[in-house]
Amino acid sequence: MAQVWKYYEIKDGKLIRKKKVCPRCGSFMAEHKDRYHCGKCGYTEWKVERPKIVIHGATIE
């Protein structure tokens, strides 16, 4: 069992989640070096903006 009590803190009498929560399904997201990822639904959020490549006026992300 993961030490789930480490994922929460009590502030002003309210329970606050320390980890990022998935906007799609509501479970905790795993924190990786360059992204946050939800193992339950597969949602991924990148920490840094990826550079955009412009070739002949067309933008590739």
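From the backbone N, Cα and C atoms, a Cβ is placed for every residue, glycine too.
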Zinc finger according to Swiss-Prot, located in which of 22-41, 42-61: 22-41
Per-region confidence, the zinc finger (22-41) (mean pLDDT, whole number): 95
Other same-chain residues whose Cβ falls within 8 Å of the Cβ centroid of C22, C25, C38, C41, the recorded Zn(2+) site, in sequence order: P23, R24, G26, S27, M29, G39, K40, G42, Y43
Listed in sequence order, residues with CB under 8 A of C41 (Zn(2+) binding site) and six or more positions away: C22, R24, C25, S27
